[in-house]
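Here the structure comes first, spelled out in structure tokens, and everything after it is commentary.
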Amino acid sequence: MSESSLSTLPTSTGPAANFQALWRAYRQCIFWSLVMCFLIIMDGYDSFLIPSFYAVPSFKRRFGVPLPDGTYTLEAKWQTAFLVGSPVGRIVGALGVGVLADKYGRKKVTLFPLVLLTGVVFLIFFATNKSMLSAGWAISGLIWGVFNSMAPTYVSEICPVNLRSTFAAAINLSWVIGQFLAIAVLTGSESKPDQWPYRIPMAVQWIFPAVLIPLVLFMPESPWWLLKKGDQIQARKALERLQDKNHVDIDAYMDYMNQTILEEQDSGSFLDCFKGTDLRRTEICWIAYMLQPLVGLHLLSYSAYFLQLTGIPQNVVFKMTLGITGLAIVASVLAPYIIIQFKRRTLYMAGLSLLACTLFGVGITARFDTQAAKWAVGVLLYVWIGTYDTTIGPMTYVIVSETSSIHLRSKTVALASIANSTMILVFHIAVPYMMNQEEANMGAYIGFVYAPICIGALVWAYFRVPELKGLSYLEIDRWFQAENRGSDIQVRDNDSLEKPTSSESP
């Protein structure tokens, strides 16, 4: 395959960038990417349910202990067990999927956890004690760990460059949709009698595998994985299912994929993620994924409680929380369009800068005991969520999907997912102590914890995150092989290394 033909491949930026052309050529790719995003909707749904059950009276009566005033509460040790079980399970799941996905393929490793999920929901739904619940949520965490690695891996392997960032960003949108569905189901079932206010949201989880299992059975395997296994025939069949051969040059695409795999190192262990040029790729994926909880994501999870602590009236807190969720959906929908317009580094660093300013603002309001300062915290939370869901949230999945190498993608994404889950676990334990009125009682001062982290992340991103927008995987491989600083060099389609100029678009 000639060097010049790279620019005409569907894996590089090319002339056919309008939606009609993309739909004709890649409608199957678009469909199966949406199916994989559905896995993340499940994750977002489940993740929101667990802490939400703490406020459901019938759940507290069934699994809690009585208080002197006649109400019920969950013991602190069980609250911690419920919350940390899922992140621990995610770490185990992500660690296992890196090996299993390379051995058995993306399709089988997606299908088995879906089947397992039906039994796990059964365990949770019919749980008669807190130990059963804790075990069920820990096992479900293992399943979410698999899905959090498999969704970006599969999507990045079947999408061309013109769609790669869109569906990587859609993973973040899927998270928000899942949380919104959880709010809707919880709200709709809260007036039900007996134990149904919490059992109905649990039972809804059976719908997801019932829909997804038949779809995944017919899902094409990743052609990249098939090629790495040396199965040229099945890889071609998978590619023909994913792309319309009347609009895409399948032969050229196969040549491109083979050349990319040939030029990469023939490696496949977790240790290889920390060798040579893959060390930097792993570093970028790891830190980018780890930064999601480090830049203040838990403020969204605890938004209602946080707003109460800052002095917002109780009758307004719930409305503001709904508004935050609604804004998160709008921002996540806009994110793919924004990502198309701007360069990766520009958008990522702009997001970190604005988040740092917003969080410093939250911390500063704590010094003023006025009504205006209390409302300012609410406004700043709106700014935070709008910024996060148009920049850092979706861009994390774009960076991870583009930076990881083909040979080590499942393992690199798994390591990044482990880093993310570890930070979530740490903050699940730390944030309640920082916010609780009987502990640190930081209130809005918690902004001063997150803001410096955003500044440190901004410095790291400037020196370590390269600009990869519009580059094919082969071009990305060659960029990292050049071992140049991302702030100075970027690769063009003709494989030359050029310094970006100030006249370039953002």
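Any Cβ shown, glycine's included, is placed from N, Cα and C.
Annotation comment: TrEMBL describes 29-56 (among others) as transmembrane segment. Here the transmembrane segment (29-56) has Cβ contacts under 8 Å with residues 22-23, 74, 79, 82-83, 86, 110, 117, 137, 140, 144, 147-148, 150-151, 154-155, 158-160, 163, 167, 170-171, 173-179, 181-183, 186, 190, 197-198, 201-202, 204-205, 208, 211-212, 215-216, 219-220, 242-243, 301 of the same chain, all six or more residues outside its ends.
According to TrEMBL, the feature domain 'Major facilitator superfamily (MFS) profile' maps to 32-469.
Counting only same-chain residues 6+ beyond the ends of the transmembrane segment (76-97), those with a CB under 8 A from a CB of the stretch are 46-47, 50-51, 54, 63, 109, 113, 130, 133-135, 137-146, 148-150, 410, 414-415, 417-418, 421-422, 424-425, 428-429. As annotated by TrEMBL, transmembrane segment applies to 76-97 (among others).
Sequence-distant neighbours of the transmembrane segment (109-128) (same chain, 6+ residues past either end, Cβ-Cβ under 8 Å): 36, 39, 42, 93, 97, 100-101, 135-137, 139-140, 142-143, 146-147, 150, 154, 199, 202-203, 205-206, 208-210, 212-213, 216-217, 219. If you look up TrEMBL, you'll see 109-128 (among others) marked as transmembrane segment.
Away from its own ends, the transmembrane segment (134-155) comes close to residues 32-33, 36-37, 39-40, 42-43, 46-47, 50, 78, 81-82, 85-98, 101, 106, 109-110, 113, 116-117, 120-121, 123-124, 127, 164, 167-168, 171, 174, 222, 397, 400-401, 409-410, 413-414, 417, 420-421 of its chain (Cβ-Cβ under 8 Å, at least six residues beyond either end). Taken from TrEMBL, the feature transmembrane segment covers 134-155 (among others).
Beyond the ends of the transmembrane segment (167-186), by six or more residues, the same chain brings 30, 33-34, 37-49, 52, 56, 151-152, 155-156, 159, 197, 200-201, 204, 322, 325-326, 328-329, 332-333, 335-336, 339, 389, 393-398, 400-402 to within a C-beta distance below 8 angstroms of the stretch. Positions annotated as transmembrane segment by TrEMBL: 167-186 (among others).
Long-range contacts of the transmembrane segment (206-227) within the same chain, counting only residues at least 6 positions beyond its ends with a Cβ under 8 Å from a Cβ of the stretch, are 28, 32, 35, 38-39, 41-42, 45, 101-102, 105-107, 110-111, 114-115, 117-118, 121, 153-154, 157-158, 234-239, 241-242, 257-258, 261, 406, 409. The transmembrane segment annotation in TrEMBL covers 206-227 (among others).
For 284-305 (among others), the entry in TrEMBL reads transmembrane segment. Under 8 Å from some Cβ of the transmembrane segment (284-305) lie the Cβ atoms of residues 51, 317-318, 320-321, 324, 328, 352, 355, 359, 381, 384-385, 388, 392-393, 395-396, 399-400, 403-404, 412-413, 415-417, 419-420, 422-424, 426-428, 431-432, 435, 446-447, 450, 453-454, 457, 460, 464-466, all in the same chain and six or more residues away from its ends.
The transmembrane segment annotation in TrEMBL covers 317-340 (among others).
Per TrEMBL, the feature transmembrane segment maps to 347-368 (among others).
The transmembrane segment annotation in TrEMBL covers 380-400 (among others).
According to TrEMBL, the transmembrane segment annotation covers 412-431 (among others).
For the transmembrane segment (443-463), the residues of the chain that approach it from at least six positions outside its boundaries are 287, 291, 294-296, 299, 306, 309-310, 345, 348-349, 352-353, 355-356, 359-366, 377, 431, 434-435, 485-487, judged by C-beta separation under 8 angstroms. Under the heading transmembrane segment, TrEMBL lists 443-463 (among others).
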Local confidence of the domain 'Major facilitator superfamily (MFS) profile' (32-469) - pLDDT mean: 85
Best-contacting stretch, by C-beta pairs under 8 Å, relative to the transmembrane segment (317-340) and drawn from 347-368, 380-400, 412-431: 380-400
